[in-house]
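Worksheet for the structure shown next.
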Amino acid sequence: MGSGWSSEEERQPLLAPGLGPAPGAAWRSREAAAALPAAAPSPGRVYGRRWLVLLLFSLLGFAQGLVWNTWGPIQNSARQAYGFSSWDIALLVLWGPIGFLPCFAFMWLLDKRGLRITVLLTSFLMVLGTGLRCIPVSDLTLKRRLIHGGQLLNGLAGPTVMNAAPFLSTTWFSADERATATAIASMLSYLGGACAFLVGPLVVPAPNGTAPLLASENSRTHIKDLIETVLYAEFGGVCLLFSATLAYFPPRPPLPPSVAAASQRLSYRRSFCRLLSNLRFLMIALAYAIPLGVFAGWSGVLDLILTPVHVSQVDAGWIGFWSIVGGCVVGIAMARFYQGYAETNSAPPVFWGYAVIHVVHPDLFEQHHTPAFNHSDIVRLLYSPGSVPE
């Protein structure tokens, strides 16, 4: 019954009766074995050196964020030392986002040439950028141009240190370590910008506008010397990282750590077109880019914004530092808390309340300006980066 639905070969038993195999089974087995390619080593081996690679890459991201946020926290001192205007300070911060314009070229280089070539080029751009800022010239106009050029070169390093963390974690780490490695590499870049809020104001004093002319000139020279000390220190740190990367930063491990690392990737053009046609990816990208871009641009000129309301350079630095550090902590905590509501496909009321307070509070502050800025607004700033998707 049903013999018309199957062939004679399909009706043969899987295991033939008797001690020996079915007629022709041994030949078919040898033929199939000969047709198979040679067995390749099974992917899944991890190496201890992966943590050294992660450390070098994370420190490079830390240095890039530190150099990018050099001038915003000390904008009052930079005005007196180098004659910067408000436009100059804003442009110095803007060179970081401008450096992301050729990001697709860096991603293509990462896909075609691997981690080592891309990271070496990135660190070399940082060496050139920090070196330009340290060239001793007496002409303030030329000095300002060199500083702008240095900030642009450092901004060109941003696409790699900000975007290559998932690529590095997939290349070097197993599946259960990948999220941790990506978080570490991404977090260090933000912490570099956060530490710049402390290093600058704590090392470089704010100018004293009430001092006599002679004392003001001495103060200007002293402030300029301290700023140059910070610039030389950053240049030395970047050179050290470049030397370490040049000495040891392999493009990939001898054996891939996971199946994902060993899998064949799509071509750059094909994958780019597929991402642009994926509506869900575009929504996630916008949800990440809009709040992060607004906050990063705003925090870079935080001292410039707070100076008219008589917030000191040191206080503005502490506000910027805790806004980034607190935002990282709050963002992770909110993500962990929201994970319990993922199956319900609806946001809990606490998140709607958080969004309302975050939007309404600035308007209330504008209408009722009180000296409570250093209390209520600092708290709000701590939660602002927490709205950025992790």
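Note: Cβ is positioned from N, Cα and C throughout, glycine not excepted.
Bear in mind that TrEMBL entries carry predicted annotations, made automatically and left uncurated.
If you look up TrEMBL, you'll see 51-69, 89-110, 117-136, 156-175, 187-206, 226-249, 279-298, 318-338 marked as transmembrane segment.
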Top partner of the transmembrane segment (226-249) among 117-136, 156-175, 187-206, 279-298 - counted as Cβ pairs under 8 Å: 117-136
For the transmembrane segment (187-206), sequence-distant contacts whose Cβ falls under 8 Å of one of its Cβ atoms, 6 or more beyond its ends: 58-59, 61-70, 72-74, 76-77, 161-162, 219, 222-223, 226-227, 229-230, 296, 299, 302-303, 312-314, 316-321, 324-325, 328
